[in-house]
Amino acid sequence: MTKKVLVLPGDGIGPEIVGQATRVLDALIADHGLDMAYESALVGGSSFDEHGVPLTDEVLEKARQADSVLLGAVGGPKWEQFEIAVRPEKALLKLRSELELFGNLRPAILYPQLASASSLKPELVSGLDVLIVRELTGGIYFGQPRGIRTKDNGEREGFNTYVYSESEIERIAHVAFRAAMLRDKRLCSVDKANVLEVTELWREVMTRIGKEYPEVELTHMYVDNAAMQLVRAPKQFDVMVTGNMFGDILSDCAAMLTGSIGMLPSASLDANGKGMYEPIHGSAPDIAGQNKANPLATILSVSMMLRHSFGEEALADKIENAVSTVLDQGYRTGDIYTDGMKLVSTTEMGDAVLAALK
Ligand code: IPM
Ligand code: MG
């Protein structure tokens, strides 16, 4: 059966980078036997401008019907004046929670060609390959109650709830342990169990589920230490698993170790392997519309989609090899540019990947 993919370019650089990723999809469909069809729809600020909401029911339904979703990025200063409930980011959060995409995989891999683009010394990061498994549909992002209220004395206070049920921790634990089994079999669970009861439970459940994976070495680390270790000696990690908010922060940190957040794809998976795939970077409004953005994270998101949702390992390898080839050839967008390399635009990078796929 032809696989159906919903493509949601979004805002800012979203349409430019997704445009290059769909060129890659087109090539795989036309020349490499990929049995897939995709359609595009509005999401985020661009949907808000058109329909007054960042995600329409119709698009949500399309996402439900699709076998997977490819997303660019959402958000921008233009929409920051509006209330949180209709901000572009809300579309992302709603897609994640409505589709139950609780398992977020954020690999931080340093391409050897980019070692000099990292903000850390090359010897600290060369060969870096860390996978952050972030819980994506719970924790403080979604906990109730939440809001801004006025106290009896007239002062306002903002509040959110950091909550995880055992079953939510169990299912993300299984995702992380299974991922570790396919790698170096080392899992570091990140929490703040010295202060927060919710993560005391997190640690307890991780330890219990760990007994089902005796081959995996499980360690625990407080989040502040984990942030420090990531910039001190990042190669000590194989797989890290953590909650929604800590994962948000640590994955940006890990991304930067690889030279550019513009290189990193992500997968957000439900219990059945359906996923939403997106670069981990944002909509970069400062360079939007200038044909400058790095499309490689989005192109690599396509490869994650082929691997994790469609079992197309060979085609996924093909994309990853093509990306490695263009880096070998010296092509660099501005974010990963270093002296002596060939500075290219978004579309030129797309051209180079397509040529390398041939
Ligand atoms: C991410 C982003 C999102 C998040 C924002 C855009 C809502 O930072 O995917 O990491 O916080 O999850
Ligand atoms: Mg983030």
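Cβ coordinates are placed from backbone N, Cα and C, and glycine is handled just like the others.
The annotation in TrEMBL ties Arg96, Arg134, Asp224 to substrate, and of the candidates under consideration, Arg87, Arg106, Arg232, the one tied to the same site is Arg106. Arg106 (substrate binding site) carries a strand DSSP state (E or B). For the recorded Mg(2+) site, residues Asp224, Asp248, Asp252 set the reference point as the centre of their Cβ atoms, and the other residues of that chain within 8 Å of it by Cβ are Val223, Ala227, Met245, Phe246, Gly247, Ile249, Leu250, Ser251, Cys253.
All protein chains included, Ile84 (NAD(+) binding site) registers 11 other Cβ atoms within 10 Å of its own Cβ. Candidate binding-site residues: Glu80, Arg96, Arg134, Asp248, Ala288, Lys292. Those with a Cβ under 6 Å from ligand 2, in sequence order, are Asp248. Taking CA atoms as the reference points, Ala288 (NAD(+) binding site) and Lys192 (site 'Important for catalysis') are 37 Å apart. Cα distances from Arg106 (substrate binding site) to the recorded positions Lys192, Asp252, Lys292 are smallest for Asp252.
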